[in-house]
Amino acid sequence: MAEIASPVGAVFTRQNIGIPLALIGSAAVLAFGTPAGLSPEGHKALALFVGIFILFLTEAIPLAITGLLVVPAGALLGLGSVGGLLAGFASSSIYMIVGAYILAIAMVKTKLAERITYGILANTGCSPLRITLGLTLSNIALAFLVPSSTARTAILFPVCLSIINLFESEKRSNFAINVLLNLAFTNATIGAGILTATVPNPVTVEFIVKAGGPLITYSDWFLYGFPPALLMTFATWWVLLRMYPPEPIDDARAGAVIAEGLRALGPTTHAEWRTLAVFVAVVFFWATQAWTRLDTTLVCLAGACLLFLPKIGVIDWSDANKGVSWQLVLICGGGFSLGDVLMKTGATKWLAMSIFNLLGLSSVSPIFLIIIIMVILAYMHFIFVGTTVMATALMPLVIGIAETAGVHPLVLLLPAGMIIGGYPLVMFYSTLPNIIVYGSGKLRASDFIIPGCVLCLLACLVYAACAASYWRMLGLF
């Protein structure tokens with residue numbers, strides 16, 4: 001007998017709730033008179049923001065379509081021409097993301113990333129402590145080489161499962177929880193310190209430029225972000241060992257699995273050497289941008305193009321077409337265009353002023369303001385699915401708060417971007433790597449919450465201390 005669909009289930013779907021809620025939210029904003037201090041264009045921009053924000057949050061329609069919706073909705077509201085509203089989709093940061101994904105595809109296809117992973121694990125040892133340390137070091141190494149947190153997780157996930165399945169009994173084990181959370185969490189935390197390691201980083205750079213700040217280069221981001229990210233990555237490893245102390249395992253059996261994985265790869269292929277050569281060249285030009293003056297995106301795209309050339313290349317267009325997240329391209333483009341509209345119409349400044357007055361932040365120091373912003377953003381991962389959406393939706397507000405507080409937007413945007421991109425730790429649905437490890441069936445949703453909340457709070461303190469000392473020493477503010 002065919003199943004009869006539940007009328008309750010039919011009514012309460014994301015589409016049936018999210019779309020009306022977005023329309024009602026935008027209409028409600030427009031229905032009220034233009035608030036004091038806000039222009040009519042800013043009022044309409046605020047209504048557009050509310051509708052897009054709700055659609056992003058509920059995922060009532062595909063996120064890529066929500067990004068595209070900014071263009072027709074903005075044009076119909078008289079907030080700009082179609083050409084002007086499409087300008088966000090031509091941002092250089094978007095093309096750096098595309099290039100980074102292509103570089104990641106080459107690393108995965110040639111199995112160079114897998115070889116590096118097994119090599120690190122083979123050399124760190126096979127006790128529970130050393131296995132988790134090896135995973136942490138693998139995530140650090142891959143963050144430089146594979147510019148996609150999801151791809152890095154996909155590389156390491158099968159290795160982790162193979163080791164876990166050797167030793168896990170029917171019941172849940174701390175060893176499995178520790179390994180899987182370590183995989184997802186250290187992947188995220190180290191990503192905050194490398195410009196190309198996660199999408200919110202270049203998104204942050206784009207908003208810094210839009211706010212009138214300097215262009216943050218690959219080496220600049222590394223200088224500012226890598227030390228606190230490295231500290232937090234090893235802190236994450238240590239905290240997980242304390243919260244989920246792993247049971248003893250047979251080191252020899254774990255070593256055999258790792259050795260077999262390395263043997264199965266065979267000798268290093270010509271394709272791997274060519275891929276490595278391209279990566280070394282790209283990272284070299286990123287690191288020396290202050291001297292070469294070559295744009296980060298230009299270098300990234302040049303490296304990506306080399307990977308397609310005859311005799312040099314290792315991938316073809318079908319690989320790129322399947323591997324590049326075109327959805328992220330449209331989400332970022334829509335987010336940049338919406339951010340432009342909000343800033344040009346004064347909506348961000350008005351909204352930030354309202355938040356500022358509501359929270360009584362007019363007399364707080366910049367360091368305390370950084371802490372407040374970071375804490376709010378860290379725990380907003382409870383309601384957001386995906387760090388890219390979160391960054392594109394909230395960065396305009398951070399700019400407005402910075403302007404209202406009288407501090408340079410860079411001072412708030414940089415730590416905000418690092419917290420958004422590096423600390424989606426509190427729930428299993430916060431980001432794709434979390435979803436991948438949760439899908440193993442060896443974790444509960446509650447396994448994420450306590451360590452995630454502890455690490456987010458610790459990160460806010462570490463980055464605030466970094467801002468007050470290290471960043472100040474570097475002349476950031």
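From the backbone N, Cα and C atoms, a Cβ is placed for every residue, glycine too.
Curation does not apply to TrEMBL; its annotations are automatic.
According to TrEMBL, the protein carries these features:
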type: TRANSMEM; residues: 17-38; note: transmembrane segment
type: TRANSMEM; residues: 45-65; note: transmembrane segment
type: TRANSMEM; residues: 85-108; note: transmembrane segment
type: TRANSMEM; residues: 120-144; note: transmembrane segment
type: TRANSMEM; residues: 150-167; note: transmembrane segment
type: TRANSMEM; residues: 179-201; note: transmembrane segment
type: TRANSMEM; residues: 221-241; note: transmembrane segment
type: TRANSMEM; residues: 324-343; note: transmembrane segment
type: TRANSMEM; residues: 355-376; note: transmembrane segment
type: TRANSMEM; residues: 382-402; note: transmembrane segment
type: TRANSMEM; residues: 409-429; note: transmembrane segment
type: TRANSMEM; residues: 449-471; note: transmembrane segment
Honestly, do the transmembrane segment (409-429) and the transmembrane segment (355-376) touch, with at least three Cβ pairs under 8 Å and pairs 6 or more apart in sequence?
-> yes
Hey, which of 45-65, 150-167, 382-402 has the most Cβ-Cβ pairs under 8 Å against the transmembrane segment (85-108)?
-> 150-167
Long-range environment of the transmembrane segment (449-471) - Cβ separation under 8 angstroms, sequence gap at least 6 | 181, 185, 189, 224, 227-228, 231-232, 235-236, 239-240, 243-244, 366-367, 370-371, 374-375, 378-379, 381, 411, 415, 418-419, 422-423, 425-427, 477
Excluding the flanking five residues on each side, which residues at least 6 beyond the ends of the transmembrane segment (324-343) place their CB within less than 8 Å of a CB in that stretch?
-> 45-46, 48-49, 52, 62-71, 74, 79-80, 85-89, 91, 93-94, 97-98, 101-102, 105, 148, 199, 203, 206-207, 210-211, 349, 351, 388-389, 391-393, 395-396, 399-400
Of the stretches 179-201, 355-376, 382-402, which racks up the most C-beta pairs under 8 Å with the transmembrane segment (221-241)?
-> 179-201
